[in-house]
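K.L.:
Marked as domain 'Kinesin motor' by TrEMBL: 1-247. Feature annotation from TrEMBL assigns ATP binding site to GLY6, GLN7, THR8, GLY9, ALA10, GLY11, LYS12, THR13. The feature region 'Disordered' is assigned by TrEMBL to 259-280.
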Amino acid sequence: MVFAYGQTGAGKTFTMGGDLSQRDVDFSKGIYALTANDIFIHLNKPPNKGQYNVYCTFFEIYCTKVFDLFNDKKRLRVLEDHKNLVQVVGKKEEHVETVDQVMTLIRRGMSVRTSGTTSANEHSSRSHAIFQMTLKKKTVNKEYGKISLIDLAGSERGRDTQTTDKITLMEGAQINKSLLTLKECIRSLGRNAEHIPFRGSTLTKVLRDSFIGEKSKVCMIAMISPGSSDVEHTLNTLRYADRVKELNVDELMQRGAEIHQKQNLNDPYDMQIPDDDDDD
């Protein structure tokens with residue numbers, strides 16, 4: 001999992017390669033394109049050549065709800081399967097074979113992603129965008145591996161938006177709540193706490209297995225602004241990045257195995273994780 005974190009307007013979407021409204025910019029240098037390029041180079045070499053299919057999904061978490069960016073923003077459900085793995089059910093998969101196809105899909109998804117205007121950014125992302133690439137072996141059509149590339153909504157303070165619009169303020173509150181829960185999960189993992197609050201937000205429910213899944217790895221891209229007025233945001237982002245850096249991958253994998261074992265003992269059946277807000 002790779003996720004970009006930082007304040008509104010710090011360049012998260014641009015770094016991921018999803019700010020496709022910009023002209024004369026080579027987005028082949030963005031994280032989306034670079035990742036896809038590496039995957040296809042690897043898959044086109046022996047002994048992998050012709051052995052795997054690559055599929056993409058793209059969805060956003062807006063407030064507490066999940067929407068499919070490949071399927072007219074269809075509402076999706078977050079469920080837990082019989083193996084206690086969290087699934088976003090009903091999302092549309094697109095088969096891809098080239099980097100150009102991937103970027104075409106990114107453009108399509110970004111064109112419908114929820115955005116708004118704040119004092120910090122005229123085109124501020126108001127949702128967390130999660131783009132996933134999955135490898136499936138052709139002979140058995142079984143999932144072999146998955147990478148999640150996440151463009152988080154920007155952290156912000158109420159006074160940053162300079163607005164009294166209720167929707168904008170509500171969006172900001174939900175964004176901050178989900179980012180705070182993500183921080184708490186990382187802090188709890190670092191402390192090897194007994195309880196990890198993954199259920200505290202839709203974002204952390206969806207990302208849980210990226211943190212504690214078998215062979216999972218996490219990379220954080222910390223985005224900061226050079227402006228002197230953003231010093232407080234910059235310090236918060238750097239402290240957060242330092243905390244993520246201290247996480248031990250081997251310990252996370254062991255911790256994940258322990259959590260999954262406990263869950264399998266407690267509830268061997270399929271279980272639904274309800275949304276924070278089931279209202280349409």
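Just so it is clear, glycine is given a Cβ too, placed from its N, Cα and C backbone atoms.
Are these features on the surface or tucked inside, and what touches them?
P.N.:
The 10 Å shell around the Cβ of GLY11 (ATP binding site) contains 17 further Cβ atoms across the protein chains shown. According to its DSSP assignment, GLY11 (ATP binding site) is coil.
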K.L.:
Find the average pLDDT over the domain 'Kinesin motor' (1-247) in the predicted model and report it.
P.N.:
87
K.L.:
On a simple 10 Å Cβ count over all chains shown, which one of the binding-site residues GLN7, THR8, THR13 is most densely packed?
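P.N.:
Its Cβ has the most other Cβ atoms within 10 Å: THR13.
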K.L.:
According to DSSP, collapsed to three classes, what secondary structure does GLY6 (ATP binding site) have?
P.N.:
strand
K.L.:
Around the Cβ of LYS12 (ATP binding site), how many other Cβ atoms lie within 10 Å? Please give the count over every shown protein chain.
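P.N.:
For LYS12 (ATP binding site), the count of other Cβ atoms within 10 Å is 26.
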